[in-house]
Amino acid sequence: FITFRPFIIFITFITFTSFITFTSSHLATLEVKDGNSTCIKAELSAVFSISYNASSGARTAVVSLPDGASVDPGSSSCGSEGSAPWLVAVFGSGHALGLSFSSNGSVYSVTNLTLQYNLSDAAVFPEANSSDVVTVVSASVGISAPVNSTYRCLSSAMFRLDTANLTFSDMRLQAYMSGDDLSPNESVCLADQTTTPAPPRPTTAPGPVPTPAGPPERGMYNVTQNNTVCLLAHMGLQLNLTYSDAQNKTIQDVVNVNPDLTSSSGSCDANTATLVLTQEQSTTLSFTFTLNSTSNKYHLSGVSLVVNWPNVPANTSAVNSSLNYLRSSLGHSYMCNSEQTLVVLPTFSINTFKLQVQPFGVTTTQFSSAEECQVDQDQMLIPIVVGAALSGLVLIVLVAYLIGRKRSHAGYQTI
């Protein structure tokens, strides 16, 4: 993908002084073929807002992926052993959007999202101070679905990266295809399940939340790459998911992740690390961590979930790639023994118990020294404060007693 010519996408909230509008959103259809067989197909709308420096100050260009975007045959591929599948769409004067994919055999996912844009294109970037071709890569995407199914998310989903925003909508996507068209078996993102209009029906209150038989067991997970452990995670996990069943009744499920039935996999790069937990064939939970190489701080930036539970719509998924949890420093692990709740979406959250994780700077099979969460620090502080208060109270009582005792003898004379 390094050699392709065009424009690629990127992601972020930005501060700006003016907007340049290029075009409106369109639905693009893109296919990657191997001979006469289709291996990747995407139908989607994409809008990017890109911050750049102009002679008059900071500006933001708002650009849409046109419906006439085409697949670059030189950069796109179905993948091979040791080579990931790539979908690269080119458009405009030297711009491109790229998506790379990976699969663990049961679930495929978008592993990298790449935006390349040409600042010399005056129609998009008027008065730009630079004529560089800029390439930006995001490995915190969180788009995944079971193999032989189509990922569907008609709702808008925004991704952030450095100085630009990318918003996908009306997305239908499939990689590792076995046929020439998108599978009718769809993995629907959670946002669609909660926002897609449904036929009028009586309002139903959420049913009672089922309570698991106690807190989850603590699992010991790791990621090994090139025969070396690169990520460590010990934690108990409890999933809270709200969805609509076949009768359009709102259901709230609370499910403990069972470490004995869960396998771990993932990947480690210089600035991103991913932990994928798969519980049999029913649950796939992914955590993406991002390292800021300037501040040497890392955090949990993305979570994705794909479930096949009884009574839950098939291949239900939930994704958020703009999180900011579990913050710690490079060379240290993050630890939180207290229960904490990570809200991924309004309809999906994760309760963690006795958590310790280190996604970067792992040198042995043991955690580095831990930076504790604020809740643990506060709980350690409470006994100290209470002890100091009790000691102060005892001291006050003792002083009062001594003063009182002295005054009680003041009125007597020694004979």
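Cβ coordinates come from backbone N, Cα and C, glycine included.
All TrEMBL annotations are machine predictions without curation.
Note that the structure is a prediction, hence the values are computed from the model and not measured.
Annotation source TrEMBL lists transmembrane segment at 7-28 (among others).
As annotated by TrEMBL, domain 'Lysosome-associated membrane glycoprotein 2-like luminal' applies to 28-167 (among others).
Taken from TrEMBL, the feature disulfide bond applies to Cys39-Cys78 (among others).
The disulfide bond annotation in TrEMBL covers Cys153-Cys189 (among others).
Annotation source TrEMBL lists region 'Disordered' at 192-212.
Positions annotated as compositional bias 'Pro residues' by TrEMBL: 197-212.
Marked as domain 'Lysosome-associated membrane glycoprotein 2-like luminal' by TrEMBL: 216-362 (among others).
Counting every protein chain shown, the Cβ of Cys230 (disulfide bond) has 20 other Cβ atoms within 10 Å. The disulfide bond feature in TrEMBL is assigned to Cys230-Cys268 (among others).
Annotation source TrEMBL lists disulfide bond at Cys336-Cys373 (among others). Other Cβ atoms within 10 Å of the Cβ of Cys336 (disulfide bond) number 23 in total over all chains.
Sequence annotations record features per position, and here TrEMBL assigns transmembrane segment to 380-403 (among others).
Annotated domain 'Lysosome-associated membrane glycoprotein 2-like transmembrane' per TrEMBL: 382-413, in sequence order.
For the pair Cys230 (disulfide bond) and Cys336 (disulfide bond), the Cα-Cα distance reads 20 Å. Distance from the CA of Cys39 (disulfide bond) to the CA of Cys189 (disulfide bond) is 22 Å.
The shortest Cα-Cα distance from Cys153 (disulfide bond) to any of the disulfide-bonded residues (Cys39, Cys78, Cys268, Cys336, Cys373) is found for Cys39. With the fewest other C-beta atoms within 10 Å around its C-beta, Cys78 stands out among the disulfide-bonded residues Cys78, Cys189. The Cα atom of Cys39 (disulfide bond) lies nearest to that of Cys268, taking the disulfide-bonded residues Cys268, Cys336, Cys373 as the candidates.
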